[in-house]
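Here is what TrEMBL says about this protein:
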- 13-114: domain 'SnoaL-like' (DOMAIN)
- 119-180: region 'Disordered' (REGION)
- 121-145: compositional bias 'Basic and acidic residues' (COMPBIAS)
- 146-155: compositional bias 'Gly residues' (COMPBIAS)
Amino acid sequence: MSTTPAPTDDPKTTVRAYYNALRNGDPLESFFLKDESTVKFGISERLFGYEAVANALQEQTETTEGWTVESSNLTVTEHGDRGCAMFGDEVTMAWTDSSSGARRGFRTRWSGTLIRLPVADAEREGEGEVDRSEEGSGGVDRSEEGSGGVDGDGGSETEHAPDESEWVFGSMHVSTDDEV
């Protein structure tokens with residue numbers, strides 16, 4: 001029984017949960033901020049606004065299968081006082097086109113931002129603005145292993161206390177130096 005994957009209360013765990021959802025062929029749009037400021041750049045796409053991102057991810061899920069996603073250098077830095085985190089990774093990925101059977105694979109570089117939202121904000125709409133009234137970076141390096149994980153079956157259901165938050169992608173950039 002597959003559950004709809006969801007963002008988690010830790011930015012690094014959210015990135016890993018996204019990778020697992022991609023591997024499992026699960027819906028991916030719930031990982032993105034529902035806002036016109038959301039952007040996603042893929043190997044051969046430029047998407048602006050949540051609706052464009054969600055539509056492209058739904059089509060990708062419907063037309064591809066057999067994903068492999070191998071992370072080799074995930075780093076995440078959380079800026080708690082700003083409600084955001086940055087991530088970067090080197091990922092080897094491959095998939096099969098469902099209609100043609102063609103297998104595609106790339107060595108890629110991923111980077112982007114995650115936004116922390118209150119769990120109570122179930123719709124996650126209009127949260128693109130970040131309160132910048134506090135000074136100081138407050139960055140915490142979360143690049144060490146063991147700072148949270150995803151259960152072995154790729155699910156990412158997380159229990160939240162009423163005052164906890166979840167992390168969603170505000171931007172994502174995937175590029176390659178491989179020939180496309």
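Each Cβ is built from the backbone N, Cα and C atoms, and glycine gets one as well.
For the domain 'SnoaL-like' (13-114), residue counts in helix, strand and coil come to 32 helix, 49 strand, 21 coil, using DSSP. Each residue in the domain 'SnoaL-like' (13-114) has a pLDDT score, and their mean in this model is 96.
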